[in-house]
Each structure stands twice: as C-alpha cells, then as structure tokens.
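Following: one structure in structure tokens, then a few remarks.
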C-alpha cells in the first residue's frame, strides 16, 4: 500500500512540475506579444550594420607601399600584390592589387596589420553575381567609395517612419 501512495505522490509532483514548465513557456510567449517584429523584408528594408561590421574591403592605391604584410597575415594568402622594384629610388612600386571576394573569409587581418592603413572594411555586403569571376576585385574596384547603408533610400524611409517618431525604434 505504501509504494502505491508514494507512486501517486511522485506522479502528482511530476504533473505539477510539468504544468509549471508549460506555464513558464506560455508566459514567455505572452511577453513577446507586445514587442515589434524583428524580421525585415530584406530587399526592401535593410538593417544598419554595426561599426565593427566586416564588409567589402576598401583599398587606397596611393597609400600602399607593396610591403605584402596583408598577404602574409591572410590565413588563405588571398591578396595578390604585383610590384616592381624601382632601382633608381630603391623602393617597390605597386603595379596591381586584387582580392577575390569569392574566396575571402572577411577575417579582417589584412586591415588590422596594414602599416599604412590603405585597407579598411566597409559596410557593403551585397556581392551577388551570376559569375564568380566578377567577385575578383582589382585596385580600381576596391578603390571605389562604398555606398553607405545609412544613405540608402530604404533606411531613410524606415528611419522617418511614424513608429520612430513616436519613440519606438523599429530596428531594435
């Protein structure tokens, strides 16, 4: 008789514990009902990236001294640096610089270790192409100024929305 009573007590305790867990989950679900949705409609709306976002690499040809530090610190030896030694001034002259973003892992080592700061990470992240060879950027493509996400039309429309003006930030 005693084992049967303890079995019923254990069953009752387990039932109460399960009901409490279900209630906790339901309360979490209810607490999310008054929040704004986090999902955005990507092609039409874009999130503002953080300051430390690692996007497309921007390259300034005039600052580069062809030291090849970026190639040495890259885990996959990605940047291709072509240079020629100028014998009259005994310095390297940069001929060509290219990065294939189809292979790049966006680790940021090249930007961090560059002694002349000719490399920087931008907030550009849209690299969609139909041909993977278009992802190989030379110094001209790397040197073009990136379009800032904040200047994008969709960001400006979200920022000027009535929800933002009422003190509710739709991006958070």
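Glycine residues also receive a Cβ, built from the backbone N, Cα and C atoms like all the rest.
Cross-referencing 67, 74 with the [4Fe-4S] cluster 2 binding residues that Swiss-Prot gives (104, 107, 110) picks out 74. In this view, the densest Cβ surroundings among the binding-site residues 70, 74, 104, 114 belong to 70, judged by other Cβ atoms lying within 10 Å. If you take the CA of residue 70 ([4Fe-4S] cluster 1 binding site) and look 10 A around it, the binding-site residues you hit from 104, 107, 110 are 110.
Across the structure, residue 104 ([4Fe-4S] cluster 2 binding site) and residue 67 ([4Fe-4S] cluster 1 binding site) are spaced 20 Å apart at their Cα atoms.
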